[in-house]
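Dropping a structure here in structure tokens format, bear with me for questions.
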Amino acid sequence: MSCPNFGALPLSRVQDFWFPQAFKNVAQASKNKTFDNDSFAITTTRNMDPNDGDSKTPFREQEALPEGRLTKWLAFSAFVITLASFQFGYHIGCVNAPGGLITEWIIGSHKDIFGNELSRENADFAWSVAVSVFAVGGMAGGLLSGWLADKVGRRGALFYNNLFALAAAALMGLAKSVGAYPMIILGRLIVGFNCGLSSGLVPMFLTEISPVNLRGMLGSLHQLLVTIAILVSQVFGLPHLLGTSERWPLILSFAVIPAVLQLALLLLCPESPKYTMNVRGQRETAEVALRKLRGTDDITAEINAMQAEAAIVGEQSKPSMGDMFKGTLLWPMSIAIMMMLAQQLSGINVAMFYSTVIFRGAGLKGNEPFYATIGMGAVNVAMTIISVWLVDHPKFGRRSLLITGLSGMLISTILLVGALTVQSSGVDHPIASYAAIGFVLLFVISFATGPGAIPWFFVSEIFDSSARGNANSIAVMVNWAANLIVGLTFLPINNVLHQYSFCIFSFFLAFFIFYTWKYVPETKGKSIEQIQNEFTKRR
């Protein structure tokens, strides 16, 4: 990450140092003449070993980084990178509308293959396996995302990842023609692996190519493309489009289009300059890429900041997966995991599941609840667009948006339980039914405000280059695992608790609000050193 600019060192900021070490470092700087006469900057460092529990954050003074702007190459690169996010979101939503049609086809396919009739219950189970195995693949892909990103680069990892998407699209799209429903299960597993890799690679890549002042906005594009893709998949599933017994394979094979498009356009995108310099050690190549992304030759300050980070990284051995839970890395790793759990244990997927039931309870008939669900998806997209603007707004920050979003979700769940209780009492209460719709929409809007987008890029903001890959791998794997657990346990819990199952998520939301307020640092516009200093204050 880029280094902070504090200018000269005022006395009021002395407490930001590790106090005893600060005077030793300043004295050593004076002895070694490391004071910069032009900028009056002091550079003091202390080697950070991930296994050293007493290690403190190095403190660096450096020239001010100029504010970046959204150049044409930066915008183009962000678009190409987030095609993988579109793939992710599309496969979340594409299985909902054609589910009943595919289940009917599975019954016939099973008889053709095995010669015996498959019961409706077993066909439902086979389809449930196809849906849920997506998260299993996502866990595996998420865990390997950091390793692949460091091995072949951020751009190279996305390039190879599209091969999995093409293989999955072929399996799922041709399954009906071949008459073999296991091809859909295998395809869902492979595309889950693809999406798991993407969910780790895309936020990391976006964060590394972004100037500090646009880091939140560009990092949020991952979630924006996810929500857009979910909406597109819902529209494709409408009966008068692709949601028919003849055309549903086209829904599953659509994944070919974003995969081929990204394969072609990635060749035009520069590799992450931070990766190129800090991991590969290729300064000249990093400078060429950064000039292209920034649209200017004036990149000296940013290159020097990257070189300073590279110097710190070079003093450390690359941490292993086990090292991520030791010493100075333990605390930020714990926060990264908690942010991912806050997203998945908030109950957002349950709210989406409940939406059609709630809309039917409000008196919507026939296909109207499905159109209402699409409308809710449109609201999600609109609010995510607003959050992309808010996340780097001077009056807001990561913490404030997270706390606001989680608080709105908590209030929504409590009110929704009350409305659903009245609605299910057997007495006709139209006000309660329409109130339930309003509370679901408020829940989705609150999720889009911060908890939907911020956890994805937050991980890349709080780790330097040496640990960023491993940190993203672990955090993304936890996100997918929590997704799978919620998906597997919700229906049994709902069968027992009914609408009161939302109370479980209310408890989680209350806990995550407190945790975010107490422990999560603000990262907007800050360098990795400033963020790590903030960790020390909040522990």
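Glycine is no exception: its Cβ is also placed from the backbone N, Cα and C atoms.
Because TrEMBL annotations are produced automatically, they should be read as predictions rather than curated entries.
Straight out of TrEMBL:
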DOMAIN    77-524  domain 'Major facilitator superfamily (MFS) profile'
TRANSMEM  73-92  transmembrane segment
TRANSMEM  125-145  transmembrane segment
TRANSMEM  157-175  transmembrane segment
TRANSMEM  181-206  transmembrane segment
TRANSMEM  218-236  transmembrane segment
TRANSMEM  248-268  transmembrane segment
TRANSMEM  370-390  transmembrane segment
TRANSMEM  402-422  transmembrane segment
TRANSMEM  434-459  transmembrane segment
TRANSMEM  471-491  transmembrane segment
TRANSMEM  497-517  transmembrane segment
Are there residues at least 6 beyond the ends of the transmembrane segment (218-236) whose Cβ is under 8 Å from a Cβ of it, and what are they?
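Residues 74, 78, 82-83, 85-94, 96-97, 199, 202-203, 206-207, 209-210, 242-243, 251, 254, 370, 373-374, 377-378, 380-381, 384-385, 387-388, 391, 448, 452-454, 456-457, 460-461.
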Mind pulling out the one from 73-92, 157-175, 248-268, 370-390, 497-517 with the most Cβ pairs under 8 angstroms to the transmembrane segment (181-206)?
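That would be 157-175.
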Apart from its near flanks, which chain residues at least 6 from the ends of the transmembrane segment (370-390) lie with a Cβ under 8 angstroms of it?
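Contacts with the transmembrane segment (370-390): 93, 97, 217, 220-221, 223-224, 227-228, 230-231, 234-235, 238, 352, 355-356, 359, 364, 396, 401, 437, 440-441, 444-445, 447-450, 452-453.
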Mind pulling out the one from 125-145, 157-175, 248-268, 471-491 with the most Cβ pairs under 8 angstroms to the transmembrane segment (73-92)?
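Top-ranked stretch among 125-145, 157-175, 248-268, 471-491: 248-268.
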Mind looking up the mean pLDDT for the domain 'Major facilitator superfamily (MFS) profile' (77-524) in the predicted model?
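Averaged over the domain 'Major facilitator superfamily (MFS) profile' (77-524), the predicted model reaches a pLDDT of 89.
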Which residues, given as numbers and ranges, are at least 6 beyond the ends of the transmembrane segment (248-268) yet have a Cβ under 8 Å from it?
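Apart from its flanks, the transmembrane segment (248-268) reaches 76, 80, 83-84, 86-87, 90-91, 94, 97-98, 101-102, 155, 158-159, 162, 165-166, 168-170, 172-177, 184, 187, 191, 233, 236-237, 242.
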